[in-house]
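The structure under discussion appears below in the form of structure tokens.
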Amino acid sequence: MQFKFLSTVALATLAVAAPAPTDPTPIPPSQCNTGPIQCCNTVTQASNPVAGLLLGLLGIVLQDLNVLVGLTCSPISIIGLPGNSCNAQPVCCQNNNFNGLIAIGCTPININL
């Protein structure tokens, strides 16, 4: 059990080196109405081998492999407060977060708007 978890985490960290997909135009935080804004270490397409592996390990089947997924994400409650900054990619996801390991249906957020 621990080996499976450690393998999953190790593969998720390798995803940082994976090429990023063509990013859609970021939206302002006020347009995120599907759940809390997430801060993800990596945002990639579901067709990415690492994302596909994580989805498979979690038993998640997606119809559209071009959908953006966030890997190793954590929620940002209120932007601008100390401790709520995001040094990676802030995204708005479709409230499909699996324990922070992967979030599905993500759109980049421009927190500077």
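Each residue, glycine too, has its Cβ placed from N, Cα and C.
Model, not experiment: these values are computed from the prediction.
Around CYS32 (disulfide bond), taking its Cβ as the centre, 17 other Cβ atoms fall within 10 Å, counting all chains. Among the features that Swiss-Prot reports, disulfide bond is placed at CYS32-CYS92 (among others), with the record citing similarity to another entry.
Sequence-distant neighbours of CYS39 (disulfide bond) (same chain, 6+ residues apart, CB-CB distance under 8 A): CYS73, SER74, PRO75, ILE76, CYS86, ASN87, ALA88, GLN89, PRO90, VAL91. If you look up Swiss-Prot, you'll see CYS39-CYS86 (among others) marked as disulfide bond, on the strength of similarity to another entry.
Taken residue by residue with DSSP, CYS73 (disulfide bond) is part of a strand. Annotation source Swiss-Prot lists disulfide bond at CYS40-CYS73 (among others).
When other Cβ atoms within 10 Å of the Cβ of CYS93 (disulfide bond) are tallied across all protein chains shown, the result is 26. In the three-state DSSP classification, CYS93 (disulfide bond) falls within coil. Per Swiss-Prot, disulfide bond is recorded for CYS93-CYS106 (among others).
Per Swiss-Prot, the feature signal peptide maps to 1-17.
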